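Enquirer: In case it helps, Swiss-Prot gives these features for our protein:
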{"type": "TOPO_DOM", "residues": "1-7", "note": "topological domain 'Cytoplasmic'"}
{"type": "TRANSMEM", "residues": "8-28", "note": "transmembrane segment"}
{"type": "TOPO_DOM", "residues": "29-50", "note": "topological domain 'Extracellular'"}
{"type": "TRANSMEM", "residues": "51-71", "note": "transmembrane segment"}
{"type": "TOPO_DOM", "residues": "72-85", "note": "topological domain 'Cytoplasmic'"}
{"type": "TRANSMEM", "residues": "86-106", "note": "transmembrane segment"}
{"type": "TOPO_DOM", "residues": "107-128", "note": "topological domain 'Extracellular'"}
{"type": "TRANSMEM", "residues": "129-149", "note": "transmembrane segment"}
{"type": "TOPO_DOM", "residues": "150-162", "note": "topological domain 'Cytoplasmic'"}
Amino acid sequence: MAKVHRLMNAVLRLAAAAAAATAAVVMVTSRETTSFFGIQMEAKYSYTPSFIFFVVAYAVAAAYSLLVLAVPAGSALSRLALTTDVVLGMVLAGAVASAGAISDIAKNGNSHAGWLPVCGQIHAYCNHVMAALIAGFVALAVHFVVVMYSLHIVTDVICPCH
């Protein structure tokens with residue numbers, strides 16, 4: 001049974017790493033230059049702090065998901081990894097939420113603040129960001145499954161009640 005748990009943990013963590021890396025790479029490659037009424041306008045992820053936070057959080061999540069594969073199951077480190085998984089999940093949720101809020105403002109603007117939507121001028125950039133956000137939500141969902149599975153394994157080791 002321990003081999004099945006290790007295999008399942010590895011598959012889930014590899015899926016989480018792949019989804020997180022995909023989200024980060026897609027966001028990093030989001031860029032578009034366009035001309036609007038004769039004014040050159042460039043949009044890049046690095047111009048928005050929320051998008052930078054998104055990239056850093058998801059890159060860290062991808063690296064962490066790969067590094068934690070080396071942690072032996074049932075060890076004290078596996079309990080620490082579970083705690084870190086929960087914290088990382090909160091960071092990922094914050095990153096995708098903040099990037100999503102900025103993306104929504106770019107798409108719809110904010111009439112109360114007088115901010116106009118910009119996605120009408122930079123379609124490809126906004127679509128690229130949307131793809132990164134979708135990958136981010138997928139990564140967050142997979143990470144949640146990792147946390148639930150790890151919680152099950154750690155509590156089963158502490159109290160094998162069945």
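Heads up, the Cβ atoms here are built off N, Cα and C, so glycines get one too.
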Enquirer: Determine which residues of the chain contact the topological domain 'Extracellular' (107-128) at the Cβ level, with the cut-off under 8 Å and only residues 6 or more beyond its ends counted.
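Expert: Hits for the topological domain 'Extracellular' (107-128): 26-27, 29-32, 34, 36, 41, 43.
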Enquirer: What same-chain residues lie close to the transmembrane segment (86-106): Cβ under 8 Å, and 6 or more beyond its ends?
Expert: 20, 27, 48, 50-51, 53-54, 56-58, 60-61, 64, 115, 117-119, 126, 129-130, 132-133, 136-137, 139-140, 143-144, 147
Enquirer: Treating G and I as helix alongside H, and B as strand alongside E, what does DSSP give for the topological domain 'Cytoplasmic' (1-7) in helix, strand and coil?
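Expert: The topological domain 'Cytoplasmic' (1-7) comes out at 6 helix, 0 strand, 1 coil.
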Enquirer: Sequence-remote contacts (6 or more beyond its ends) of the topological domain 'Cytoplasmic' (72-85), Cβ cut-off under 8 Å?
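Expert: Those are 2, 5-6, 9, 64, 143, 146-147, 150-151, 153-154, 157, in sequence order.
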